[in-house]
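*Asks:* One structure, pasted below without further comment.
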There are 2 protein chains.
Amino acid sequence: MVIRDKIFQSIITVFKRHGAQTIDTPVFELKEILSGKYGEDSKLIYDLADQGGELCSLRYDLTVPFARWLAMNPNIQSIKRYHISKVYRRDQPAVAKGRMREFYQCDFDIAGTYDPMIADAEILRITTEILDSLDLGIYTIKINHRKILDGLFEVCGVPVDKIRTISSAVDKLDKLPWEDVKKEMTEEKGLDPSVADKIGDYVVKKGGNELLSELLKDERLTSNESLKKGITDMCLLFEYLTIFNVLPKISFDLSLARGLDYYTGIIYEVVTEASAAPASKAKGAKKPKPVVESSDPDADRSNDDTIGVGSIAAGGRYDELVGMFSQSSKGGTPCVGISFGLDRIFSIKKAKMDEQSVRLNEVDVFVMAFGSGLLKERMQIARTLWDAGIKAEFSYKVKPKLQAQFKAAETNGVPFAVILGEDELARGEVKLKELGLPEGHPEKEGVTVSLENLAEEVKMRMAVNAMDGLLIAPDELALNRQPDYLDGTK
Amino acid sequence: MVIRDKIFQSIITVFKRHGAQTIDTPVFELKEILSGKYGEDSKLIYDLADQGGELCSLRYDLTVPFARWLAMNPNIQSIKRYHISKVYRRDQPAVAKGRMREFYQCDFDIAGTYDPMIADAEILRITTEILDSLDLGIYTIKINHRKILDGLFEVCGVPVDKIRTISSAVDKLDKLPWEDVKKEMTEEKGLDPSVADKIGDYVVKKGGNELLSELLKDERLTSNESLKKGITDMCLLFEYLTIFNVLPKISFDLSLARGLDYYTGIIYEVVTEASAAPASKAKGAKKPKPVVESSDPDADRSNDDTIGVGSIAAGGRYDELVGMFSQSSKGGTPCVGISFGLDRIFSIKKAKMDEQSVRLNEVDVFVMAFGSGLLKERMQIARTLWDAGIKAEFSYKVKPKLQAQFKAAETNGVPFAVILGEDELARGEVKLKELGLPEGHPEKEGVTVSLENLAEEVKMRMAVNAMDGLLIAPDELALNRQPDYLDGTK
């Protein structure tokens, strides 16, 4: 929970920097709202028992409840909202892989009718700010556009009724070689091999601006309306992403097909080195070991540990989902959003941290005594510290052993001990000891402080320690930074 | 959500000051864990549909899941834990009264085998710190002891099988006159009127130390073992509460019977003036209007708006609940805890706040432009501000109207506007304007700032405003404080 709370705080800080607010929706929705939104995965929805009244189900994600909420509140024409909460899937749990029946999702969405690609660009900027602040290592934002993909399939000659299923085959290119994907298209899905080859020429392409230019020069592509619209969007997006300094993280990847049917514009997925394929798969194993998997190959995979290169965030533009719940004839509010896979981020973060260094509580001072216990005196001093806003605790025993008190403080990594002795107290004094000082430090055995100065003295020392922490941080940063002369630009 | 988050933060700050950590338990528990724990209110439990696998129910409170978790983790012999999360009750909702089927509970509990009343005293200290920090107005902590109450009923001659039902009649004394309670005891519940009168002599008593002394002098009472143990506990608790400066808030109230069967020691309930009885009841209406109420008269009432004087927090010691889930023959860990009724606290807090002053987001700067829109320039400047950690937004239109941009900033109470014009930009400058300055203020029309100093300038002005806020706060405090010479102690 300590690590999780830190991750939440990092993410929320970024959301707030971009003017986001949070909303809360109930953990259950009407069953009918959820049904028909997740394809075959609807069987993973938890239903509540029929105990009278409306039939309800537990939410499966945070996107459908958000869209339902927007539709029910037509006065809200625009909002930047984040929502960090749990969702429920009646899946086979795999605890070691981080696949749970109850897990957190963290969604950020911008709803509103705006000029093209501006909000889309800000979502991607937010994504880089979050990933940079979480310090998860090198990452790439793979990006594509539904209109480009659909146009591409049209141009290559995929029959309309096969577009979605061929799209989901293409989406497997991140973990399977082209030959396997082609086999799936032709043998399993009955696509003409020549059509598959045409697709193959395109979907292996990835890059940046230069790939956009290449596509723009291909008249076969630009003559397709859908493709042309998609490429225009991408060109504009790339301009905005350059301003936002996001382009260096972007890989325009024609094989990215992604999830749910409701996407209508750009789609994206974030992969990190830390979330790369397990060794057995990277070494060329042709097919991933079959596990109980989501039956919908297009399903959101940001929390799916079974895939080769796991994404830690994913999303896209969905302009028509709100309209599905709306009573209004005008249609619903267009939206673009991203969902962060918190459990995967948590796993990466946890693996990078020294678990010994994670403190379970934040106590600053442990108030202890030797000899007769001095319970009431310890309580009095704890009260003084609390009154001053200092985090303090003491043993709930009348006569605790000194050893046990030190152990309790050390186990929790408490930085200071206030030690009471009868003689010192008679003089109106206590001993203040900074724990964990090295042998030979002049204050290793603590300093004597008068009772009336205790809270002030503790606060002063906490401030000094906090300053020391700040002084160390920039040095550490410098060690990780390349010297300017290696940069090549100078 | 903004107000709710502030309340959460205030409460969590206090919990952390006392060394608490948080845990998370699933929203569903095995059905068998919950059944038989809530008496007749078990019918309010939401069950999940039987879709194969274990039968589960949604949690009804946070206490039973905590006890179950402690029993499943016997290595955890002691913990101070808080948990703020939602619970579910299939009750008749009454939205205006804040009674929902899904609502937040905020629990703090100390588990562990300690010397008597020390942890109990700290819970009550935490309660006062939270209520003081929430600034809800005058409040009282009503306190009693299950052993005193049970002993009292024994001494008065209540048959053992009637103790619980008589106890729940006594608990109504906060909203009904004694005559009505007596009638319920004798006519409805068949108690001998002379026994009822004996009870009546005691349960109307409330006070502090002097009441304890009075009970101690009553030999009829102290000869009862249960009563004697309870009074000994209370004497010790009052000593500790004096040290913690909590005693001024305490009312030892022999009519407090409280809730669930699992309490074994002290019990308490916090009432505020703001949560006092509605006028119709206070004016002597004999019985509260019958509404769909929890069928168990002993049920937790901290979230029940239908009662006369509503409590905003309640709890007690429960030493045997964990043992009910424990496999060990040693019995379970003793616990003492409190649950805050967040919905009621929210209602009180919301009523006290000027809703206009609640900002929906925390944006510091709105970046705007007139004339040709200057979208890319606005984006560039927003990026500069984000890079500096400043919360900023801009309109997602290519050519927004200046009026609309100002309106967006003002609606959200954004303190600063950065205004772009082509001439200023050509000189490498923008206008920085503090919004809401009074007419005639020398900077009412804004100041010109060079682009490279913009982030610094904004930060400096934000810091000045924050300092002004700090300078105002102590003055406001002083206005609410009695001058020393009225204090009487000088």
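Cβ atoms here come from the backbone N, Cα and C positions, even for glycine.
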*Asks:* Suppose a student reads TrEMBL and sees A:D61, A:L62, A:T63, A:Q105, A:D109, A:R258, A:Y262, A:Y263 listed for L-histidine. Which of A:R89, A:R90, A:R125 should they find annotated at that same site?
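*Replies:* Site partner of A:D61, A:L62, A:T63, A:Q105, A:D109, A:R258, A:Y262, A:Y263 for L-histidine, according to TrEMBL: A:R89.
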*Asks:* Work out the three-state DSSP category of A:Q105 (L-histidine binding site).
*Replies:* strand
*Asks:* Across all chains shown, how many C-beta atoms besides its own are within 10 angstroms of the C-beta of A:R258 (L-histidine binding site)?
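*Replies:* So the number of other Cβ atoms within 10 Å of A:R258 (L-histidine binding site) is 24.
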*Asks:* Near A:Y263 (L-histidine binding site), which residues of its chain come within a Cβ-Cβ distance under 8 Å, counting only those 6 or more away in sequence?
*Replies:* A:R146, A:G316, A:R317, A:Y318
*Asks:* List the same-chain residues at least 6 positions away in sequence whose Cβ sits under 8 Å from the Cβ of A:T63 (L-histidine binding site), in sequence order, or say none.
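*Replies:* Correct list: A:D107, A:D109, A:Y318, A:L321, A:G337, A:S339.
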*Asks:* Averaged over the domain 'Aminoacyl-transfer RNA synthetases class-II family profile' (A:1-345), what pLDDT does the prediction give?
*Replies:* 86
*Asks:* Helix, strand or coil by DSSP: which one applies to A:T63 (L-histidine binding site)?
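*Replies:* Note: A:T63 (L-histidine binding site) is helical by DSSP.
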*Asks:* Fewest other C-beta atoms within 10 angstroms of its own C-beta: which of the binding-site residues A:D61, A:Q105 fits that?
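*Replies:* If we count Cβ atoms within 10 Å for the binding-site residues A:D61, A:Q105, the smallest count is at A:D61.
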